[in-house]
Amino acid sequence: MKPSQRMHGLVQHINAVAQQLGLDMLTVKKEYVFRTWVTISAPLTYAVFGVYWGFLEARRHWLEGIKSSIMLGGLVSGSAKLLTILLRHTPIRDLLHFIIKICEDYEQRGVDFIHALNFGIDRVYKIQRIIFVGYSITFLIMLLMPLVLLFYKGIRITVMPYEIPGLSIDSNIGYGLTYLQHTIPEVVGGIGFYLGDMLVLLALNQIQTFADIFQLKATALNDALERKEHSRYVCNVGEYKDFNIQALLMDLINWHQLFVDYCELVEKIYDNLIAAQVFAASVSIVICLCVNLNEFDLISAIFFLVSAYSMSVYCIVGTQIEFAYDQVYQTVSCLSWHELSCEERKLYMMMLQRAQNMKIIVLLGITPLSLGTALQASELDFCFGNLLAKNNI
């Protein structure tokens, strides 16, 4: 399959997932159907019942109150993903079409560009399989474990960390209705987490693909500059050969400008979503650690894995983007610029200056999106959770 066909299939898959939630990403006009309102109601119901139940439980004991808020981070990140999709529907749709168009244009420029595009698409598919398997396993465990404990041990636990006022889980009808109500936000949340992550990670991974295309263009320019240098030793005096250097340089500069604009556009669209995802996951890790260091709680242990898993994926991709920025800078620095004319050197210097000052993705203007941030956050989470557990605050 051509890279454009593969990318189109990937975008269609993401849109099919979005349609399950009533969020068609490729439609020109955003429409609110029944599924859309069900999706919007999921975080609202958890916010209402979860906060109310957490307040009641906190009055009994502080640990019970914390148990009721273990999914608060999921509420924040899920709400951020939903709001981003609803409020920035048009730029997200345009971004998806732009990615497909790039594949259609550059798959016609030779085998090297096809390999670069396919390599980038393979990278997205690997991430897609990782997050799909991770979310599927954890959310299925969270849904099925209460039923397993009920049938084999007679223990009644809820899927979500709250009970509905007026429905007692000690009765069969009350427990059944509570389980059904909990299933809706759980399923919507699982699909929504997967959808939001795919949209963000697809856009972020294209930065690496664009960096690979930039390197191919720079290699073509460098080859022309080397041929120009070599021609001076074999050409007659006064003889001039045009190696199309200016056209190759302008093509490289235009692509670098597109690369910079694309990075800024992705950050503008998804900055709040990425920040909410990482910080909410960090808060969830603290809460789940605090609960499990006092006494083992199954739901919080599973949600701890979900939070740590999602935060790690984002931060690892952020580190790979930093490597892509370094790759672009090193590619620009290694050009045989001494073979350029005076006017061409001025253009080259402008590109070099921009490559030296690439704007990295920063979470709320505080810390960069990188693996180092994930490690620092994990260390702080463990220390803070251990402190709370030891002092019984």
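The backbone N, Cα and C atoms fix where each Cβ goes, and this holds for glycine too.
The structure displayed is predicted, hence computed values, not measured ones.
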Among ranges 68-87, 248-267, whichever one TrEMBL labels transmembrane segment: 68-87
Range from 32-56, 273-292, 298-317 with most C-beta pairs under 8 A to the transmembrane segment (68-87): 273-292
